[in-house]
Amino acid sequence: MATPPNSFCSLFFIYSILLSSFFLAYEAQAYSPVVNGLSYSFYSQTCPKLESIVRNHLEKEFTQASWQAAALLVVFFHDCFVQGCDGSLLLDGNPGERDHPLNRGISLKVLRTIDDLRNVVHNECGRIVSCADITVLAARDAVYLSGGPNFAVPLGRRDSLNFSFEEVNNLPLPYNITSVTLQTFASK
């Protein structure tokens, strides 16, 4: 019986090493922490269906009110820009962040949608998923369900227990000139 030539064995060996390296790198990327405890697999054990729960719920919502996709991006931006993505915009207070004049344009309907989504997630998985992560996933799926790209988002954010009415003043104003808006973003 003939043995394969040395070049074939060498190529097979190199191919095996490259393939193994690819899978190891892929696994490391999928499960390694991103930053500050965030991870692409944060809920993989505690709520493995989280992303499909969020997407399925929003698909139903968008069939009735597709405008909510843009409104979810506004909620995401207004929450994340003020104190970081911490769900503080969703907290009730007197006055709360959402009562600030710069947040008055945020739809109460979309806030109810996030609250309904939170209830669905908590009923399915328990109260382990943060409102901040639900908001981030909702914004990501709003992009995807509107025809944009699908992309992974790291999870593991913690909800804030307080809000800052004053910090909302740091949101960029819609009528600012470009240089002022860029300075506002640079300050974050």
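Even glycines carry a Cβ here, placed using N, Cα and C.
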Item to check | Cysteine of C47, C80 paired with C125 via disulfide, per TrEMBL | outcome: C47
Item to check | Densest Cβ neighbourhood among C47, C125 (disulfide-bonded residues), 10 Å radius | outcome: C47
Item to check | C85 (disulfide bond), number of other Cβ atoms within 10 Å | outcome: 24
Checklist outcome for this item: Listed in sequence order, the residues of the same chain lying six or more positions from V82 (Ca(2+) binding site) whose CB sits under 8 Å from its CB are S88, L89, E97, S164, E167, V168, N170, L171
Checklist entry - In whole Å, how far is D86 (Ca(2+) binding site) from C125 (disulfide bond) when you measure between their Cα atoms? => result 20
Item to check | Inter-residue C-alpha distance, H78 (active site, proton acceptor) and C85 (disulfide bond) (nearest angstrom) | outcome: 9
Next on the checklist: Using the CB centroid of D79, V82, G84, D86, S88, E97 as the Ca(2+) site centre, which other residues of the same chain sit with their CB within 8 A?
Outcome noted: H78, C80, F81, Q83, C85, G87, L89, S160, F163, S164, E167
